[in-house]
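Now, the feature entries from TrEMBL:
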DOMAIN    325-440  domain '1,3-beta-glucan synthase component FKS1-like'
TRANSMEM  489-507  transmembrane segment
TRANSMEM  560-578  transmembrane segment
TRANSMEM  604-625  transmembrane segment
TRANSMEM  669-691  transmembrane segment
TRANSMEM  714-732  transmembrane segment
TRANSMEM  738-757  transmembrane segment
TRANSMEM  1482-1504  transmembrane segment
TRANSMEM  1651-1675  transmembrane segment
TRANSMEM  1759-1776  transmembrane segment
TRANSMEM  1796-1815  transmembrane segment
TRANSMEM  1821-1842  transmembrane segment
TRANSMEM  1863-1884  transmembrane segment
Amino acid sequence: MASTSGTKNDGLPKSLSKKMTRLRTVAADVPEEEVIDSEKLPSSLAEIVPILRVANEIESENPRVAYLCRFHAFEKAHKLDPKSTGRGVRQFKTYLLHRLEKEEQETHPQLASNDPKEIQRFYKMFYEEKVRDSQYKRKPEEMAKIYQIASVLYDVVRAVVPFAEKIDDQINKYAREVERKKEQYAHYNILPLDATGAKPAIMELPEIKAAITALRKVDNLPKPGAQSTPNEPDDRDIAIHDLLDWLWLVFGFQKGNVANQREHIILLLANADIKNKQPEDYGQLDNSTIENLMGKILKNYRSWCNYLHCEQMVNIRDNVVDKQQLQLLYIGLYLLIWGEASNIRFMPECICYIFHNMARELDGILHSNVFPVSGGTVRPAYQGEEAFLREVVTPIYQVLRKEAKRNQGGTVSHSKWRNYDDLNEYFWSDHCFTLGWPMNRSADFFVHTDEISTRNERSNNVTAGKRKPKTNFVEIRTFWHLYRSFDRLWVFFILAFQAMVIVAWNAGGSLYSLFDGDVFRQVMSIFITYSLLNFLQALLDIILSCRAWGSLKYTQIARYLLKFAVAAVWVVVLPIGYSSSVQNPTGLVRFFSGWINNWRSQSFFDFAIVIFMMPNVLAAIIFILPPLRRSMERSNFRIIVLIMWWAQPKLYVGRGLHEDLFSLLKYTLFWILLLISKLAFSYYVEILPLIEPTKLIMRLKVGTYAWHEFFPHARYNIGVIISIWAPILLVYFMDAQIWYAIFSTIFGGITGAFSHLGEIRTLGMLRSRFDSVPAAFTERLVPLANDDASRNPLDEDSLERRNIAKFSQVWNEFINCMRLEDLISNRERDLLLVPYSSSDISVVQWPPFLLASKIPIALDMAKDFKGKSDGDLFKKIKSDDYMHSAVIECYETLRDILYGILVDDEDKMAVRQICFEVENSIDQHKFLNEFKMSELPNLSSKLERLLSLLKVNSEDVESYKTQVINVLQDIMEIITEDVMVYGQKITERPRANTEDTDGKEQKFGKIDLDLMENVSWMEKVVRLHLLLTVKESAINVPMNLDARRRITFFTNSLFMKMPSAPKVRNMLSFSVLTPYYKEDVLYSKEELEKENEDGISILFYLQKIYPDEWSNFLERLNDQKNDYYSKDIMDLQRQWVSYRGQTLSRTVRGMMYYRQALELQCFLDMAEDHDIFGGYRALNLNYREQTVLASHSQAVADMKFTYVVSCQIYGQQKKSSDARDRSCYQNILNLMLQYPSLRVAYIDEREEPINGKPEKVYYSVLLKGGDKFDEEIYRIKLPGPPTAIGEGKPENQNHAIIFTRGEAVQTIDMNQDNYLEEAFKMRNVLEEFPKKHHGQRKPTILGLREHIFTGSVSSLAWFMSNQETSFVTIGQRTLANPLRVRFHYGHPDIFDRIFHLTRGGISKASKTINLSEDIFSGFNSTLRGGYVTHHEYIQVGKGRDVGMNQISLFEAKVANGNGEQTLCRDVYRLGRRFDFYRMLSFYFTTVGFYFSSMVTVIIVYVFLYGRLYMVLSGLEKSILLDPSIQQNKSLETALATQSVYQLGLLLVLPMVMEIGLERGFRTALGDLIIMQLQLASVFFTFQLGTKAHYYGRTILHGGAKYRPTGRGFVVFHAKFSDNYRLYSRSHFVKGLELLMLLIVYVAYGKTYRSLSIYWFITSSMWFLVASWLFAPFVFNPSGFEWQKTVDDWTDWKRWMGNRGGIGIAQDRSWESWWEFELDHLKHTDIRGRVIEIILACRFFIYQYGMVYHLNIAHHVQSLLVYGLSWLVMATVLVFLKMVSIGRRRFGTDFQLMFRILKLLLFISFLSVMTVLFVVCDLTIGDLFAGFICFLPTGWAILLIGQTCRSMMKGIGMWDSMKELARGYEYVMGLLIFMPIVILSWFPFVSEFQTRLLFNQAFSRGLQISMILAGRNRASSPS
């Protein structure tokens, strides 16, 4: 073995060999391929990766040198970690040692006698062949790799050549040259800034050169005075190339950060500067470019300084010599701070504080300022290598980290720890300046407790000790937040309700009664209510914010207290004033009146009201003057702040959230109309009809009760009144949501219609308007050239041809793209392609699908034409433009084909003569006289034969040529002999000159078949053949529904309003960012072929779901033109499947269409008209051959577009031994290699020795694809693990956002897709940013619509797809306009990147509270003065969950998120700071929707419990049997309103409108009917329960978390136990409770109530119960298949019986699941526990009410009856407890004792029952009733016991509680399972269910029944 000594005796250094020998045996079993993987290394040995890569690279050239490289790697590894303490190091060394021992024997020097000479000669040879003189021949990427290899080889040379020998001087010289130039060839991202030699095209762009020049002006800067470290050269020796190098030396930033921001700034400057310039105008950057960029980047900083009244530290004087340099220094400083800030990027004002202090230092250094005290020059507070990270970022990060630990995984109350917002808002106060600079570590900001609660403490208590208070706001779990945030809404509805009840109560309910003085005076009492509500608001402000008082200013606290005091005064004053105004006072009013005898005039109350309402009047005046309000709120003048202090406390965000007057009028009109409709409906339908019955009931005297009534003499039957009015009141508050759905549907539909949506929605409509598409395309998607305005007007035909010429380039790329995606077949592609405009043809060449069947029809028309005049025939043909065009094109194309194929000049002359005759006869109107039309069909068939022959390549050339000649001669003969009347003279002419030769041979016998190699000529042949042969109408082309949708949407969008397209070079630059965790990248072969329980593989499933696309794929595979022979067919299959799933590869392919589109558009921008008309006809062949144009297009595309995928754990996947992780790594690497411009960012976790111990260090790393491996571009060290603080996805986005580029960033999720045709419109969309909307505001977020591509799998997927589609289209359209409350709802919105990166990023990340991280970026943007728009002329694909359980998990996640939003500061601030109408829009479209969903469910409970009270107390019987009471319709109407919401009709309305708008209202009506037949209402009712449960639980107890839904393909059968676990608490328990309520209601009321009335009132509730109990099984594939039902029962029993414990999963044991279900109660606070106990008490009403109805009670109404019932209950529980104890104690060892005990208990039970039956008149009915009444009581006891868990454990009752719970679970499971078993007996039920679930698929010819039966007949392509 080689060694440092150069000898070969031992091979290893002795020091190493001893240590390693004991490890050799381990390596014996190591697989060979694992050993040589250079990528799979322990993190602490990352430095040796390049060496192992080089070894692998050169192994084929020289195995011995490769061995020496590996040996050097081994030695280096040993130096890095001598004791092998790092994770995996020992194992790796063993692997490598085993490999080296083997290679020592197998390899030998090839170039010399020993290793030192071998390596030197190889190095010399490598340098001379590959390094020297290659820089002008190779690309920078290739040179970077070569220099890296050369550098590594020299290291190996130095290691192998012993000290005694000398390395060759020539080699040392080469190495110095390599070292000198290596920096110039470092791996780069977009700009090879250091590259020399052949520069890439991007470096030749003048705007890039100008930006680089501006950045490199460093001559006049002072020398940095940073102190050098011992290992570093003195700073004076370091070359400063540009301003960022200077900042790096001064402030101690990281090199990776500096390199990253250098490129970032250059691209920002270049892109901004070129927008308004021509490339030829370049000298240097415009001053305005840098000024504007600095203005954007520092806008938030300047606003922060103004807010805090502190001096800005950006000092640029107007008379400064080099203003640009100073501006660039400040820009660079800010971006360097931001680029290294890690998690602090979520705290924008913290970054402002850091910048503020560093800018002060920068200013001092530049102006050589001195400290006023010491007199020394200003020096940075922090200097040296990585000083900024170490001294600034890390301390703040540590605060974040320790606060995040207090969160304890989301289990601790939000009020007990500080989140990102709290820590950021610390910097909203001038108190932040007490931190100082350098920062004082003992300042209050850094004060926190390091301890976490100990085990014996309550888990939701964090240790006591000094803890910073919350800042400005406290997130407390209570529903009162809804009132506090939206108090104006509740005040309005409560006052309106009060006023309506007063009016309805008086004078028969006529509205004219308002003019009656007494009634009006009563209505005025609403002001008293208003004062009470104000008092409540003031009280809530104090209670809910008290934990933040420590951080509030005294003025804010004073305001809260003063508000409370004033509200309290009004609560006293207004009632006193009102009592004084009443004419005939009674009771309490008289008491108050006595106090103010002296003020007994009515004017006092009026005067009080005027004063009380004064603030509201002023607010209303300012409301109609939005500019005034906006400027007042945004003002920082102290006098204005003082004036605004009472109305709105000063806050950094949320100021000036007022729209312009026009927008305000629009949404005000919307809400006024809505509120009028809602209040009118509520008054006339809900309130007024209930007034008379209420009056009657209040007058009614009820003498007898059916139970023990505690208040028998209570007046007015108040219990009945509450029971009747409570559901009405709840419906009144909820039904505004229904009215919102109706109005938003109407307004959204009108807006959509005016936006031209759906104008082209079918292929018929497309054909009718296709002739105007090219012109629309030119207007929308082709930039206006500079000379277009001055160009001479072209005639109409030329203009149309020019439009089509440009249009064809893009259209054909689109069609070819759909062919590559297998949406269309080859034939469909040929029919859809538009020919590149040819100068040979005099008419426009339309695509064949428009001209299909036109020629056959024209031939038939001509053949059957009976008229004499040519004009009549031509008039008929010209009446159809497409037919006229097709006829002329056919004639001219045939002429060109014949001219081309004939060689002999005389043959050509004959053709020319025929053409002359045709044209001459037409001119002289003799065409019908000189040509016989009857012979044309014969000619047509021969032409078809000729063209068919020309399309086919034959191997037998002579035979093939003879066939072509024969058919050609037949054609000429038919033309001259049969068609032409005087055709003989044409054939006679040539014969006269050639009498000697054979006539047959000499006519048309010489042809040129070489033309078949000419692509352009063959295109003519194919097209002519299509025109002649496609006889059927092309109405069904393309057949694929998705292809149709894309074509129609694209063409329709060209007629929609959009900004004009700029040239690619002048467009805004943008990035796309996709966060990825560990989802599927590309399906593996195993995943494709793996069968589920029904025998179905993914591949087989997709072949049946997409049969047409599969056949297109096979056609593409077998097409000889495609070079697929070299590719693995399995790889192509994997891609085909993955592109139909929700995979990363599908997303990446879609996003890379942006680049493809930009390259093509850039080419078209540069190409001249004559090029497009002529030279660039075969675009996909020619334009890439144009080297200059292609490289320029690619360079501009690079400058404009970046795609970063943030693969958070890519580094872990790379090193993992798990097969799936390795597969993900390999597939991501393959994507990088496939798409060179794709970038991958990941968080690298390394072990590095710190103070002699290995510690974890974290980096943000950016990669790109290299030759075979990934290449690292930037590496930026982090202060700690970035994902340990906040929610995973936003943290993943945040770490990667520093690697994005451009002025905009599009956020794309992992389940999205994109389309090439939509990518062409991207530059139009980006033009929305500079466009000013409504006044002076520019958008900050552009919302785009989505197409849900998962709707075709099943009926559930279809429902979900329609629901989601309606939200992302009509829903968001209405939110954006007119309501102005659209936010960011996920993806694919486009952000103004600079606006958001300086204001906290594109999402919020605080743990738990920001669970729905996306919408918070919209909140944040709006609060900070942003503007969100919505655009529907472009769309992006999106996948959704397709199975019942996945959909429910998704809905649960969103409901959890909305629960957390209800508590958050953003919603509070928006709710308080929007004007009234915008606040209404905000409420009903965010948390209000979920609250209304919950109220809908509560209404059912309130109604049924009210009826339960009435029926069990006997009040309903007394009232209904009273002749004065008529059955009232009001309640039924109100409950019908509730059922509208419950059945999901709210969601269906916008769905129907949008489908109607885009696909026609007949289609919409059909879809609606089919959806109802497929039980859509059952689905929506079920999801209502999901929303209500998770929203309510989140607010009460917390527990919100991310729920992975899975994005699988195959629709599988979910087991009963899975469904039970998922839906038991959210649906089954509630459904059974409602079922019991309905049963009791019908059982105890049937004697006096007609059954029809009962069913009418309760039908929607029965539907809800059935939906909640059985929807999961109805929508479960094979849910009623007998064998699966049997298997489910076995599985459920096993699950119920298994014992739980530590480590036992929920799906293995009921006990484990039950413990998990109670998790939220472990962590809830005392408020949550009390509410839970109060809610549980409702179950006691059954027992109390029903025991008095038992026969055994003998109608006794004593309280003793109820007491005896508890005795029975206790006896039953004791009985069960005894059995349980007996089983546990005697069940095993004392079987006899246990049996005797059971016998005694049984005998006792029989004795008691006998006595009760005989003596006490107990009946069988009583037994059933007793069971029903005691069952809820036991459940209540169980719920209370679960809530008081610690107490139960303390008294030893917890195990009993567990067994009681198990018993209830058994009963519930049996009740739900029995109907499934019964239905499973009937085979037709299963068939019907399959039809129901997959009807959509059946209608498209799918075979789901075959799939579910598992008859796998998958066939692989050959």
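Glycine is treated like the rest: Cβ placed from N, Cα and C.
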- Message: Checking distant contacts: for the transmembrane segment (489-507), what same-chain residues at least six beyond its ends satisfy Cβ-Cβ under 8 A?
- Response: 482-483, 513-514, 516, 518-519, 522-523, 525-526, 529-530, 533-534, 679, 682-683, 687-688, 691, 729, 732-733, 736, 1476, 1479-1480, 1483
- Feature contact check the transmembrane segment (1821-1842) with the transmembrane segment (1759-1776), CB under 8 Å, 3 or more pairs: yes
- Task: Give me the stretch from 604-625, 714-732, 1796-1815, 1821-1842 with the greatest number of Cβ pairs under 8 Å to the transmembrane segment (1482-1504).
- Result: 714-732
- Quickly jot the same-chain residues contacting the transmembrane segment (1821-1842) by Cβ under 8 Å, restricted to those at least six beyond its ends, or write none. 1633, 1636, 1639-1640, 1643, 1718, 1721, 1732-1733, 1735-1740, 1742-1743, 1745-1747, 1749-1752, 1765, 1768-1769, 1772-1773, 1848, 1853-1854, 1857, 1860-1861, 1864, 1867
- Query: Any idea what the model's mean pLDDT is for the domain '1,3-beta-glucan synthase component FKS1-like' (325-440)?
  - Reply: 90
- Query: What are the DSSP helix/strand/coil residue counts across the domain '1,3-beta-glucan synthase component FKS1-like' (325-440)?
  - Reply: 78 helix, 2 strand, 36 coil
